[in-house]
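This report concerns only the one structure given below.
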Amino acid sequence: MKKTGILNSHLAKLADDLGHTDRVCIGDLGLPVPNGIPKIDLSLTSGIPSFQEVLDIYLENILVEKVILAEEIKEANPDQLSRLLAKLDNSVSIEYVSHNHLKQMTQDVKAVIRTGENTPYSNIILQSGVII
């Protein structure tokens, strides 16, 4: 049995299979998942697990070169945004798009990870970097 890192087998496989520029979305309870895109549903109840908890684990285990966020998070959820930005390396590029555009972009991710997060615009697309 694995004792460190990502223990959820679906999340671990997703992280292990990422190549350079592959994208994964971590979303809140309300984010729709396009047909044909795998959904890894971690939600247990409203708020559990939180967006930040899931983001922390992923950032510990994958190299991220870019993140994509909804522009609306700046006004609708500034606390979530400031906590999120504090976790990113200075080398990580940050792109803001409209929430509708972010939802369209989920059509090109490897998977959407659904959290129990119940605050607005708590969605992020992580673009994988490369270690060489």
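Cβ from N, Cα, C; glycine included.
Going by Swiss-Prot, these are the annotated features:
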- His20: active site, proton donor (ACT_SITE)
- Asp28, His99, Tyr121, Ser122, Asn123: substrate binding site (BINDING)
Rounded distance in angstrom between the Cα atoms of Asn123 (substrate binding site) and His20 (active site, proton donor): 21
His20, Asp28, Tyr121, Ser122 as recorded positions, winner by CB count within 10 A: Ser122
Inter-residue C-alpha distance, His99 (substrate binding site) and the residue listed as 'active site, proton donor' (nearest angstrom): 25
Binding residues Asp28, His99, Tyr121, Ser122, Asn123 (substrate) - maximum C-alpha distance in whole Å: 13
Cα-to-Cα gap, Ser122 (substrate binding site) vs His20 (active site, proton donor), nearest whole Å: 24
Inter-residue C-alpha distance, Asp28 (substrate binding site) and His20 (active site, proton donor) (nearest angstrom): 25
Local Cβ density at Asn123 (substrate binding site) - other Cβ atoms counted within 10 Å: 24
